[in-house]
Amino acid sequence: MVFSSALCIFSLLALVQAQSESQQPKIQLRLAGDKVKHYEGRLEVFYNNEWGTICDDDFSIEAAHVACRELGFLGAVAWSPSAKFGQGEGRIWLDNVHCTGGEKSLAECPSNGFGVSDCRHSEDVGVVCNQKRIPGHRFTNTMNNNVENMQLTIEERVEEIRIRPISSHLKRLPISEGFVEIKERGKWRQICDEHWTPLNSRVVCGMYGFPGEKKYSNKVSLSMRKNKNYWGFSVNCTGNEAHMSSCRLGKALVSKRNGTCGRGLPVVVSCVPGRAFAPSSSTGFRKAYRPEQPLVRLRGGANIGEGRVEVLKNGVWGTVCDDNWNLRAATVVCRELGFGSAKETLTGAKLGQGMGPVHMNEVDCSGFEKSLTDCYFNNDALGCSHEEDAAVRCNIPAMGFQKRIRLSGGRNPYEGRVEVLTEKNGSLVWGTVCSENWGMMEAMVVCRQLGLGFASNAFQETWYWAGDASADNVVMSGVRCSGTEMSLPHCLHHGKHISCPRGGGRFAAGVSCSDMAPDLVLNAQLVEQTTYLEDRPMYALQCALEENCLSSTAKKNDHSTYRRLLRFSSQIHNVGQSDFRPKLGHHAWTWHECHRHYHSIEVFTHYDLLSLNGTKVAEGHKASFCLEDTQCDEGIQKRYVCANFGEQGITVGCWDTYRHDIDCQWIDITDVKPGDYILQVVINPNYDVAESDYTNNFMKCKCRYDGYRIWTYQCLTGELRIIEGLLAGTF
């Protein structure tokens, strides 16, 4: 009798639970809005045949966990209030949602009830889910497969998307042509090409790093029509999506009876690589190239396809303000530069602050412009500062470069002896790189090829790193890089005829890498404003003579003569992401008795006076006897002070000023005849310290000297080629 009663109670509870579940509102969720990744966005609910949003009042990480699991992710990483992913439209379906975290659906969590809310869309909630999906998660459509009304995105059904190369292209890199396949419930499936559009191909190519697409010309075998491994839906992309997972589901295409594609064939895309990634006939890839008069460039990025966005206007490079900066505008930049779609937008000068004007503000692109300069924007950037410089990370093709190089023997993955994979006697072998003339430019290429960011050091001896003994032989020598190459084989080198007098072993090349680097830029305006001439007697220049700051005609014991000095101040800003520090530690600094100070870098700047055809007519240099924070931007504390043998360097956001009235802050022009000249200043000329961008280390001014006075004008900082063109009036 007791057993019978217990059974009845259990049955009653089960019936109540079943009735409760059947009475729960049926909903679907999606992530929408101005999102960068497919696993984040504004949280929206489909209820009563209408999409709506959720208010952030009382929302919690527990509610975010429930929502993300309902979407097929392992859980939530964070949630965001105040419409971080943009304001939604229509109804606000849920408000004051209270979840414990164990619910299977947001519909199970207590709330005010559907449609009961006093919120505005400025309070729409967003979530960031764990990138990993629940293994075997199957999307459950509780809304009677009303796909047209629901406008579901592909990400709510699939796990992964790929381009599988056609058999004839298996060994070709990058993979620019192949079948588009979707992984659903652990199984790869092809897509039926009925209703497939060029806009869909544009999105697929963009997410794999290609700026354009073209029609696939070769016919797929008709036997593919009998393939029963098709995905069940069509795809509907607008062409602006950063990833195909954000495209909408179309109607069901595949026959449920036999799983075939009817009269269609599997989708094949053919993508157009950017110029830097396009194969060449001789080497299989292109070497470093320089675009002709680019209007847009990326600076300060640690890896290929990322950086601060800069625009050329009236011959002057400037930045873009991050107001309204979004994925559409960023994708225009990426495609313009030969990359794919943008995978991430960065605001708040995340990749360093630029210099000069802010050229563009409130950029508004359709996504199909050929150049960022074709987009609508606000010329008025008065409310913007370089703390708001916009940046981007682009999708780039998988070239396989990382598989052909490695660092061995280091204390961490960011340092070690450089070992490369080369072909020898018909087989692939690992070997070392000759360190003769190995420097920072070569190290920068290695770190970029490995995806480890910037080089922090280049080593010509690596005896302290026990690399792979089987890879001791030198397989690459004579390496000369410009610093812009994508891989070490792109640099000039000896090829098959190895020449390395010192051999490998302890003299093999090595590097250390960092994901951040400083970036020094000279204040050109200050140079122009402070230039003047001084005639100084030789008896007051003996210390300067000892430090080689005078021309070769100056005599040590000639105290009765004068030297004519072109003086000016220099103010050097660190606009990078890490502090600029001398390469050598205190113990290796050089003491100069005459001036009674240490030099932490023997040659920190070069000062040259050039003829109009580029011939050097006078020169000077400045050792870094004192690298310190003279002044800093508001809110930044000085870290480096030279007094009392202190630490030397320039903090990010600070600058070091060498006044015009200190020794060696000049060029000795005693022997220069009157005429027109070019004043050139180069910071860190020997690349002793790694920087994120060496192209802005140059400054040039026009000068006119009449034998008594000097006029300096049109001082410009930036890429040397453009400066020379502007000064010559040819750019």
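Placed from the backbone N, Cα and C atoms, the Cβ positions cover glycine too.
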TrEMBL annotation, disulfide partner among C365, C394 for C375: C365
Separation of alpha carbons, C375 (disulfide bond) and C491 (disulfide bond) (Å): 36
By Cα-Cα distance, the member of disulfide-bonded residues C55, C119, C247, C375 nearest C109 (disulfide bond): C55
Rounded inter-Cα distance in Å - C119 (disulfide bond), C237 (disulfide bond): 32
Spatially closest candidate among C55, C237, C247, C481, the listed disulfide-bonded residues, to C68 (disulfide bond) (Cα to Cα): C55
For the disulfide-bonded residues C129, C237, C247, C375, the one whose C-beta sees the most other C-beta atoms within 10 angstroms: C129
Those disulfide-bonded residues listed as C68, C99, C119, C491, and which of them has the most Cβ atoms within 10 Å of its own Cβ: C68
